[in-house]
Protein chains: 2
Amino acid sequence: MQRPLILVTNDDGITAPGIRHLVEFMNEIGDVVVVAPNSPQSGKGHAITINSTLTFEEISLEGPQHDYSLSGTPVDCVKFALDKILDRKPDLVVSGINHGANSSINVIYSGTMSAAVEAGVEGLQAIGFSLLDFSWDADFSQSKEFIQEIVLKTLKNPLPKGIVLNVNIPKLPKEEIKGIKVCRQANAKWEESFDERINPHGKRYYWLTGYFNNMDESPDADETALGEGYISVVPVKFDLTAHEHIDSLKELLNR
Amino acid sequence: MQRPLILVTNDDGITAPGIRHLVEFMNEIGDVVVVAPNSPQSGKGHAITINSTLTFEEISLEGPQHDYSLSGTPVDCVKFALDKILDRKPDLVVSGINHGANSSINVIYSGTMSAAVEAGVEGLQAIGFSLLDFSWDADFSQSKEFIQEIVLKTLKNPLPKGIVLNVNIPKLPKEEIKGIKVCRQANAKWEESFDERINPHGKRYYWLTGYFNNMDESPDADETALGEGYISVVPVKFDLTAHEHIDSLKELLNR
């Protein structure tokens, strides 16, 4: 059997420890091509670069894979890889390992997950991985076995059309991780607050900050599984239609 | 009855003709506050500004509304308005009128729609409006009656929890618009291609370009309704969970 072609990207930038670990894990499974941002792109969501231009470099990093660094967003990286770098469709696109959680509502802000979603829109198998540890020197080694297991199962049993996976890994030693749980996105939101400062010229400026408010204690929510020490897996779709409300809205608005 | 408080934003920037028309239409319905980007933010999706800072100015534009221009993304505008500008929760958040379509898969790239989705996450009523005309001097006047009708109905009959509306308006004279149709997001994608150029220093650079590929001729898809001359309304949700695939994935991945 031919080795699978695996495209790897992320939003923390091509040299982040998270993506270097993911590349190392994927090199044991397939032929790896990395196309990732040349700078941090956290919180970029599904942004694409349309009002400016992109450049890329092939760079030399440890390992047998090819590494390309792009001046764009995570979604740009997927689009650019498919059009300009890969000579065939990849068997799988993986994004991450993100430094920090992308569970619950964070899926819509996350560049890591948006890269996976973009691959899904392109009809490809795709998975985003995130570790619940923002630290640059987070311990990614404990997730190796779980990530490889999810990837191998997905390669053998392709995901249904129209979905990608959002995988979050608790910050725990490997032996304390209880297992893997398929979940739904918890109902949660950020309670934002802007931190006001004064610049040296006397002008006010603001940092976006806030705290995460989980409003969902139900046993099938990803936040709950993570809290209990499980790896959470949420199937994510990009048909955003609220099909269940079409009929009542037709009654109200159609004419 | 108290006049409703309406927050207006967009992604084309606070001086774009599309938002100025929307402000004019909303001034006839409620008390309007505008918090919109100080520069074009098309294609920014759900991006938020976390690695840099924000500034804002109150500016003076025609009309009774208050206008605030922010140095961030459309989603930043909604967050900033709620935390720093408005003294109570708005009764409605409207975004647009976008110069160009946000139907089908474009909902995930669109800053206009992401602002509406962010308002939905905050528990607010929200609607994004887009006209199928990219031109800066597009004719927005034909959409006035339809936009006001949708807004008034939504204020009177609040949307179900967890959804916002994505409204697209065909580029047609008012008398040729056939009506309003609640639809689902068409199955479509962009076939991207990057346009390669050489800069004055001999280095290659790329513009993202491509064409829109609608793969969905079904009568309940938004693209179909628009093609037939209807205004399309898609209820959009931000629980991205593919609930229908949870059971089969549990069988494959749970342990």
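Using the three backbone atoms N, Cα and C, a Cβ is placed for every residue, glycine included.
Just so you know, TrEMBL annotations are computer predictions that nobody has curated.
What TrEMBL says about this one:
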{"type": "BINDING", "residues": "A:Asp11, A:Asp12, A:Ser42, A:Asn98", "note": "divalent metal cation binding site"}
{"type": "DOMAIN", "residues": "A:6-192", "note": "domain 'Survival protein SurE-like phosphatase/nucleotidase'"}
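Positions of TrEMBL features highlighted on the structure.
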residue: A:Asp11; record: divalent metal cation binding site; CB count, 10 Å: 33
residue: A:Asp12; record: divalent metal cation binding site; CB count, 10 Å: 24
residue: A:Ser42; record: divalent metal cation binding site; CB count, 10 Å: 23
residue: A:Asn98; record: divalent metal cation binding site; CB count, 10 Å: 31
Filtered binding-site residues - A:Asp11, A:Asp12, A:Ser42 - keeping only those with Cβ under 8 Å from chain B: A:Ser42
Near-site residues: divalent metal cation, ref A:Asp11, A:Asp12, A:Ser42, A:Asn98, CB cutoff 8 A to centroid: A:Asn10, A:Gly13, A:Ala16, A:Gly18, A:Pro40, A:Gln41, A:Pro74, A:Gly96, A:His99, A:Gly100, A:Ser110, A:Gly111, A:Thr112
Stretch-averaged pLDDT - the domain 'Survival protein SurE-like phosphatase/nucleotidase' (A:6-192): 97
